[in-house]
Amino acid sequence: MRFSGRWIRAGLVLFVVGLLGGSQPSDGAHLRGSFRVDQFFRFLIKFGFQKTEKHSQQNTESDTFGYIYGNVTSRVNLTFPITLAVLDKHNFLEYYSNRNNFDQDVACQRMFDKLDKVAFNNKCNKGAEADYLRRIPCERGKLCVDEDTPANVVAGNQFTYVISDPNVPRFWYISMVACYQNQTTCQWHYYDYRKFHAHPPEIDYDIQLVNGNPNRQSASFFNPLLFHFSFDQQNTLEMYLIFFVIYLVMVPLQIYAVRLQKHPVTRLFTISLLLEFISVCLLLTHTVRYAMNGVGNENLAITGDIFDIFSRTSFMLILLLLAKGWAVTRLQISVSSWILLMVIWIPYCAIHVLLYIWNRTEVDIISDIDEYQTWPGWLVLACRSTMMLWFLWELRITMKYEHSTQKLDFLLHFGASSLVWFIYLPIVALIAVNVNPLWRYKLLLGITNSADCLAYCVMMGLLWPNRAGQYLLLTGSHYTGMDELDEFNEAPHIVHRDSDSVLRVSDDDYQDNDDEIETLVLSTDDLLSAGNNGGIESPPTVVSSGGSKPLILNGRSRNHL
């Protein structure tokens, strides 16, 4: 059964196009949109702000504050202003958990019950120092009513929050809610638009979140690499750039190698490497655009992630095929083995993709868990561990029937390195549980990409044309005997034996034959060597040098066959 890379590539393109056709792009650190008051609550973003340096001063070179600034307006005048809330995690969790109360008036009171004690209000709580809330919408062309220090507002905007965290980096949560505070009674109420409007009014917002002073970007060379990024995603641009350079070198080399050595194994590996390179290119493009405008291109990021999934799963398929002895001790794999492999591998790919979709759509962004702390994540890790055990089982069987010392040594080292690739993800996922969420994303991204890149480098070295012939049954374009060798291997008169003993067949055993028959016993290593020489001599007997199962060729010479 031959592997068709063309059909796999076509399937990948169709799948990605279908997935992207139903996806909705989401904003990054630059938020634009509208909020209808009948929706009651809108969560906007979770953003990590960096630690503020002790000597940091606003509007100076040492400014390391975080900034949230923008404009919030409406085409309809609201009778009472609703609320924009910017909260740290400590204050946000209780506020967020009370939003689903059936009585929305009660929900407003419970959401702001704790905040009333700490959030500043110039009439109801003048003694508080926390600047958490803004009354919105703001009047067009003017500052928001809560901006009592116009010098702090970024030019061209209606409001500005200056975030200072001198101890540690921290996540902050931005949301809008259709609640207003009565300035006389200081009680919170739900803004029921039906009492004041025929249709629910919409509030338009344009908000940016940055690490660094937006007024001094031209004065700093390094800020563009960190400016729009949440703290947990900072330095990802440099990471993708490094992998892009590495793959930019590897891909042309592998294309050169596959042209010299045309075999399904090398072709499959080339496809896997190309998928990973395309993934890195798409993710790097998205990240560069994100660094420039705070939005990027979410469709590029989704496509890059999908290509990355198929690259990893196709690489796993290569490992399983080699473990079964394909191109090591046998030239082809039986149809039943292919069917079993596909029955297990294809569902694994589907589960991996479903995990990605589920993680993007179902996991609450408020939570601090990663994809491997959810039940689909556990399922993928369990499947990966099962595939690892299956890999070891197949490798054990292959080594059991192999007698070539050189190939056994290769299989041993191949199995050890592949085992590291299989097991690193479950181990890293367990370690990541105890890592702070502000560093967890970069840890997982860095380790997974580094491990995959190292695995591709090792595999490319193993399959390099001048090395692979030592232990793999691969052919370059200058070999002409592989098709004929495949025919020998599949011919019904070929007898496969497990031993490498010398077999002699006398003429008495073939008295019915008119011609003299000589017996030739060769290992697959000998056949490849003979194929390279253009033909096989016809000595009385040839002793196999060991290796894979011997092939017995009946006849005086290969040319006669």
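Cβ atoms here come from the backbone N, Cα and C positions, even for glycine.
Quick look at what TrEMBL lists:
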- 239-459: domain 'GPR180/TMEM145 transmembrane' (DOMAIN)
- 533-561: region 'Disordered' (REGION)
- 1-28: signal peptide (SIGNAL)
- 239-256: transmembrane segment (TRANSMEM)
- 268-288: transmembrane segment (TRANSMEM)
- 300-323: transmembrane segment (TRANSMEM)
- 335-358: transmembrane segment (TRANSMEM)
- 378-398: transmembrane segment (TRANSMEM)
- 410-431: transmembrane segment (TRANSMEM)
- 443-464: transmembrane segment (TRANSMEM)
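For the transmembrane segment (443-464), the most Cβ-contacting stretch among 239-256, 378-398, 410-431 is 410-431 (pairs under 8 Å).
Here the transmembrane segment (378-398) touches the transmembrane segment (300-323). Their Cβ atoms form 3 or more pairs under 8 Å, with each pair 6 or more residues apart. Same-chain residues lying 6 or more positions outside the transmembrane segment (268-288) and placing a CB less than 8 Å from one of its CB atoms are 3, 5, 8-9, 12, 236-237, 240-241, 243-244, 247-248, 250-251, 254-255, 258, 296-298, 300-301, 303-305, 307-308, 310-312, 314-315, 317-318, 321, 452, 456, 459-460, 463.
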